[in-house]
Amino acid sequence: MTETQTEPAPDAPEATAPPQDANEPEKQENGDHQVSASEEKTPREFEPPEGGWGWVVMLASMWCNGSVFGIQNAFGILFVSLLKEFGSEMDEDLRFKTAWVGSLSMGMIFFFSPIVSVFTDLFGCRITAVGGAAVAFVGLLGSSFVKSLGPLYFTYGIVFACGCSFAYQPSLVILGHYFKRRLGLVNGIVTAGSSVFTITLPYMLTGLLKSVGLAYTLRVMSIFMFLLMLAGLTYKPLLPKPVSSSKSGSRCPSLKRVFNVHIWRSLGYRIWAFGIPAALYGYYVPYVHLMKHVEERFGADTNKEVLLTCIGITSGVGRLIFGRVADYVPGVNKVFLQVSSFLVIGLMSMMIPLCHVFGGLIAVCLLMGLFDGCFICIMAPIAFELVGSQNVSQAIGFLLGMMSVPMTVGPPIAGFLRDRLGSYDVAFYLAGIPPIIGGAMLCLIPWVEARRKRKEAQTGGDTTEKMLESKSGTQDDTDGEMKAKDPESVI
């Protein structure tokens, strides 16, 4: 804080200036405002470069999102080949066991996220991402050599998924090192990578499975993970490391670095971390059961794959559009974009049973995909706004970990309702309720954050006023003492 000096009266004779203390910081004129030299040396808040090497990092993160979730979303293509490889397509028991390979893999990606966030804080984005890609490479390559379904639960469902989790989360965190003003747009481009891969990868895998078989297809897919290792090498950190509170010479990290309790002190983050999982209990039900619903209502010969294509295309478009829109929405008001996405997806889920014309179902899927892209692309920007760049790793990690529960539980509940009631209608109606409730919870975040900032401003103002009063009293006492010691300076 700059010091203020009392100006003498215009008509009064100039008083003899007291000698300057050697310990007093040298003052420099800056227009009408005086700034101490010590203030100029104070480190300013980190400002990302908004480009440069960051564009290379963005492309590497895009490859990560595309390869990880493109392969996960294409498991339906592998599913049929696994049935043929280890039994028969008509074996219902084998279908159930094989489906759990893909479900386990997707669930583990999110389940490991809290652990990944700790590793990211301790070792950095680059080491965590490269190590994770290496593990995923080993898991996918090992899956190509198994001769029965059992080992796939370990190689594909756990090892490959664990590696994907360690590779995926740093790809979101590293973007905050290079972008702030354009973070929404960059996140939109990065997350659009999964949409591009989801649309194109099934066609590639179908051709590979027909020409070279399942084992060699898995080996080709492992090349994606090898390239992901190279992409992780581009994650050069820019943010300064937080100062450790542990004693000097200690090799063990402090408990605060291992488990960041600071993020849970934010009421806004707590609402966000519980509101999003609450919305996801019904969020993924249409993605899992829509194909079967279309077969039952419109017949098995219906071109139902076009619905997934519509969702994939508009989801990619939505990530680009809403990622750019988020850059113009100040602060935590970005949450309202996420609220709108939950409301629309909830309503569209309830509309699915009401569509008795296939064209109407296409329109529903187009809107659902558009706002799905909105929800995904602004998760990282909201996390940066709520907890700051130094705490964002564990903020995202714990959120993804909590998301694994509703993602795993919601679709089986919908399947249970279908078996009991004979149709998916009630399941889709009920699936639309959690996104609406979760979206309503998120509406509290801007209000909570605005109230917190008002309290901080009020507290800061009171502290500044007390400091000024204390400083003024000290200066008056010093002037009085100097005048008493130097009578010649008395006017």
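Note that Cβ sites are derived from N, Cα and C of the backbone, with glycine treated the same way.
According to TrEMBL, the region 'Disordered' annotation covers 1-48 (among others).
Among the features that TrEMBL reports, compositional bias 'Low complexity' is placed at 1-22.
Per TrEMBL, compositional bias 'Basic and acidic residues' is recorded for 24-47 (among others).
Taken from TrEMBL, the feature transmembrane segment covers 53-79 (among others). Listed by sequence, the residues of this chain that lie at least six past the ends of the transmembrane segment (53-79) yet keep a Cβ under 8 A from its Cβ atoms are 98-99, 101-102, 105-106, 109, 129, 136, 140, 164, 167-168, 171-172, 174-175, 177-179, 186, 189-194, 196-198, 200-202, 205-206, 209, 214, 217, 221, 224-225, 227-228, 231-232, 234-236.
Under the heading transmembrane segment, TrEMBL lists 99-120 (among others).
Per TrEMBL, transmembrane segment is recorded for 127-146 (among others).
Distant neighbours of the transmembrane segment (152-176): 48, 54, 57-58, 60-61, 64-65, 68, 72, 82, 100-101, 104-113, 116-117, 119-120, 125-126, 128-129, 131-140, 142-143, 146, 183, 186-187, 190, 225, 228, 232, 235, 237, 239, 379-380, 384, 389, 392-393, 396-397, 400; these residues of the same chain sit at least 6 beyond its ends, with a Cβ under 8 Å from one of its Cβ atoms. What TrEMBL records for 152-176 (among others) is transmembrane segment.
Counting residues 6+ beyond its ends, the transmembrane segment (183-204) has Cβ neighbours under 8 Å at 54, 58, 61-71, 73-74, 76-77, 171-172, 175-176, 309, 312-313, 315-316, 319-327, 329, 334, 373, 376-381, 384 in the same chain. Summarising the annotation, TrEMBL assigns transmembrane segment to 183-204 (among others).
Residues or ranges marked as transmembrane segment in TrEMBL: 216-235 (among others).
If you look up TrEMBL, you'll see 261-491 marked as domain 'Major facilitator superfamily (MFS) profile'.
Cβ atoms under 8 Å from those of the transmembrane segment (267-286) belong to residues 332, 335, 338, 342, 345-346, 348-349, 352, 368, 382, 386-387, 395, 398-399, 402-403, 405-407, 409-411, 414, 427-428, 430-435, 437-439, 441-442, 444-445, 448-449, 452 of the same chain, restricted to positions at least 6 beyond its ends. Residues annotated as transmembrane segment in TrEMBL: 267-286 (among others).
Annotated transmembrane segment per TrEMBL: 306-323 (among others), in sequence order.
As annotated by TrEMBL, transmembrane segment applies to 335-354 (among others). Through the fold, the transmembrane segment (335-354) approaches residues 272, 276, 279, 282-283, 285-286, 290, 293, 322, 325-326, 329, 361, 364, 367-368, 371-372, 374-375, 378-379, 382, 424-425, 428-429, 431-436, 438-440, 442-443, 445-446 of its own chain, all at least 6 residues removed from its boundaries and within a Cβ separation under 8 Å.
Annotation source TrEMBL lists transmembrane segment at 360-384 (among others). Here the transmembrane segment (360-384) has long-range neighbours at 172-173, 175-176, 180, 183-184, 187-188, 191-192, 195, 272, 286, 290, 294, 306-307, 310-323, 326, 332, 334-335, 337-338, 340-342, 344-345, 348-349, 351-352, 392, 395-396, 399, meaning same-chain residues at least 6 beyond its ends whose C-beta is under 8 angstroms from one of its own.
The transmembrane segment annotation in TrEMBL covers 396-414 (among others). Sequence-distant contacts of the transmembrane segment (396-414), counting only residues of its own chain at least 6 positions beyond either end whose CB sits under 8 Å from a CB of the stretch, comprise 103, 106-118, 120, 169, 172-173, 263, 272-274, 276-278, 280-285, 288-289, 379-380, 383, 424, 427-428, 430-431, 434.
Using a Cβ-Cβ cut-off under 8 Å and counting only residues 6 or more beyond its ends in the same chain, the transmembrane segment (426-448) has close neighbours at 267-268, 271-272, 274-283, 285-286, 289, 293, 331-333, 335-336, 338-343, 345-350, 352-353, 386, 406, 410, 413-415, 417-418. Taken from TrEMBL, the feature transmembrane segment covers 426-448 (among others).
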